[in-house]
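These notes are about the structure you will find just below.
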Amino acid sequence: MPEQDKPRLVVLISGSGSNLQAFIDQCADGTLPADLVAVISNRPGVKGLERAEHAGVPAITIDHKEFDSREAFDIALAERIDALQPDLVILAGFMRILTQDFVSRFMGKLLNIHPSLLPKYPGLNTHQRAIDAGDAVAGATVHFVTPELDGGPPVLRAEIPVEPEDTADALAAKILVQEHKIYPLAAHWFLSQRLKLQDGSAYLDGDRLAESGKLFADTLLEQRS
Ligand code: GAR
């Protein structure tokens with residue numbers, strides 16, 4: 001497919017960008033038929049920017065510390081994103097609380113991944129909180145972004161067992177492997193018009209998804225297109 005016919009993807013990051021790397025790889029090998037038009041980081045010098053540059057993807061820094069307010073940063077960010085005319089905006093470890101205006105501007109085409117089984121553990125330290133609570137399973141959730149922090153409707157979740165010896169870091173590493181599968185898959189569903197946000201709920205193939213989203217299984221990767 002010619003580049004100009006492919007849907008346009010913008011990925012926002014704040015750090016390592018391992019989820020970004022999954023998008024880079026799947027766009028490059030055609031698993032995800034999308035054009036990754038830019039990566040934007042609110043932190044300068046992070047590894048995710050290097051990953052973008054290495055892949056030949058425009059890597060943009062908009063340093064939030066250079067703005068007087070959250071509102072001013074979000075306006076600058078939104079204008080930059082709008083100029084890129086994305087079909088989908090991916091938050092991939094983008095560690096900023098977004099203003100209502102920003103979310104409203106992109107709602108319906110704004111996805112996030114959160115390292116917990118939402119609605120459990122919005123916010124930070126999700127893995128330690130799962131361990132401290134004695135949870136038998138932990139995981140990650142892709143969800144549509146709405147103004148409520150980590151509160152938008154879940155789309156797809158991956159679950160893994162919590163082993164007695166798991167530390168927060170060990171759990172995070174195991175969950176990241178799952179994140180790299182579920183996030184591009186959810187983006188694929190969206191870009192192929194299968195996934196939509198409608199009246200505050202997530203719909204896949206016309207069916208309203210459960211409150212916790214769909215549970216990931218490897219068979220879903222085979223039924224991708
Ligand atoms: C991922 O685990 C992602 O789920 C999490 O940050 C990590 C980013 O890793 N996101 C959040 O906590 C958002 N609330 P990455 O930079 O290697 O993709």
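Please read every residue number as a count from 1 along the shown chain.
Heads up, the Cβ atoms here are built off N, Cα and C, so glycines get one too.
TrEMBL annotations: computationally assigned, not manually curated.
Keep in mind the model is a prediction, meaning the values are calculated, not measured.
Binding of (6R)-10-formyltetrahydrofolate is attributed by TrEMBL to MET95, ARG96, ILE97, LEU98, ASN112, and within the candidate set ARG51, ARG70, ARG129 the record adds ARG70 to that site. When the alpha carbons of SER18 (N(1)-(5-phospho-beta-D-ribosyl)glycinamide binding site) and HIS114 (active site, proton donor) are compared, the span between them is 14 angstrom. Considering other CB atoms within 10 Å as the measure, the emptiest surroundings among the binding-site residues MET95, ILE97, LEU98 are those of ILE97. ASN112 ((6R)-10-formyltetrahydrofolate binding site) carries a strand DSSP state (E or B). Counting only residues at least six positions away in the same chain, the Cβ atoms of LEU91, PHE94, VAL142, HIS143, PHE144, VAL145, ASP150, GLY152 sit under 8 Å from the Cβ of ASN112 ((6R)-10-formyltetrahydrofolate binding site). Considering only the residues assigned to (6R)-10-formyltetrahydrofolate binding, ARG70, MET95, ARG96, ILE97, LEU98, ASN112, the longest pairwise Cα distance works out to 19 Å. In the three-state DSSP scheme, GLY17 (N(1)-(5-phospho-beta-D-ribosyl)glycinamide binding site) is classed as coil.
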